[in-house]
Amino acid sequence: MAVALRFTKMQGIGNDYVYINGFQERIDSPGELARKISDRHFGIGSDGLVLILPSATADVRMRMFNADGSESEMCGNAVRCVGKYVYDHGIQVKDVITVETRAGVKIVRLLFEAGKVCGATVDMGEPELHPARIPVLTETSGDGSQQRFVARPVDVNGQLYEITAVSMGNPHAVIFMKGIDDLDLPRIGPRFEHHPLFPKRTNTEFAEVISSTKVRMRVWERGAGETLACGTGACAVAVACVLNGYAGRDVEVELKGGSLHIHWDEASNHVYMTGGAVTVFSGEYYI
């Protein structure tokens, strides 16, 4: 007999996930469920699945599964929505929510409009720039001169791209170029995602600098394909802008689904991401 599973669909600038309250619902095969519900024709339709669970180290724990069923370390847009979900559903009714992820505990400061949660600023932690910890395969010299992977030429299917590699808890390859709207991402995105340089695969951001305070990007997400937005990707692009001398530490990142404000704090080395969080609808899914 089919069992009704209660869910809420939420989105952060178009990056949409199905959220399930793990305090109340039991999910035995989350990867398989993610594949089914993410299908935009035969399921609910989403970029993946997020489980909100009890935590021993934070207010809640989130597990995030991509549309292909693979589990990811975290998602910046999703963690904002987790903060809103936790507040709206009375799991924790306070302005600052701590969320345990596979990339560490994230601090989510909720933003309110007319008494309702409309978004959040998230402390995304410090960017990881050491190639081995991103991870990206490269030779590291003894004098430390190869401790960052910045604007390095990489052959991808016979074409050279300058890649800057950053981890925001998950791996990112950032490429700066003109004409990002003309890119055939479904064709070239998988070539980066599965490139042997990245042993855990990678998210790939194609970024176009508009000014010292604004940059546009498109993203090919590991396990999900092209999405309207990627929070950790926007953070990686902002960090890469600074590393390449293209922008300052406060930058607006414009994605297909909307814009995020990213601040890379020089004193703490932490990256802060600010953006919206929206509930789309709730319902029951039968399994």
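Glycine too: its Cβ is placed from the backbone N, Cα and C atoms.
N170 (substrate binding site) falls within neither a helix nor a strand when secondary structure is assigned with DSSP, and so counts as coil. Annotated substrate binding site per Swiss-Prot: N15, N66, G76, N77, N170, N203, E221, R222, G231, T232, in sequence order, evidence recorded as sequence analysis.
Annotation comment: Swiss-Prot describes C75 as active site, proton donor. Long-range Cβ contacts of C75 (active site, proton donor) within its own chain (separation 6+, distance under 8 Å): N15, Y17, G48, V50, M64, C230, G231, T232.
According to Swiss-Prot, the feature active site, proton acceptor maps to C230, an assignment based on sequence analysis.
Apart from N15, N66, G76, N77, N170, N203, E221, R222, G231, T232, the substrate site neighbourhood in this chain, defined by C-beta within 8 angstroms of the site C-beta centre, holds S72, M74, C75, A78, V219, A224, T227, C230, G233. E221 (substrate binding site) falls within a strand when secondary structure is assigned with DSSP.
Among the residues N15, N66, G76, N77, N170, N203, E221, R222, G231, T232 said to bind substrate, no two Cα atoms are farther apart than 16 Å.
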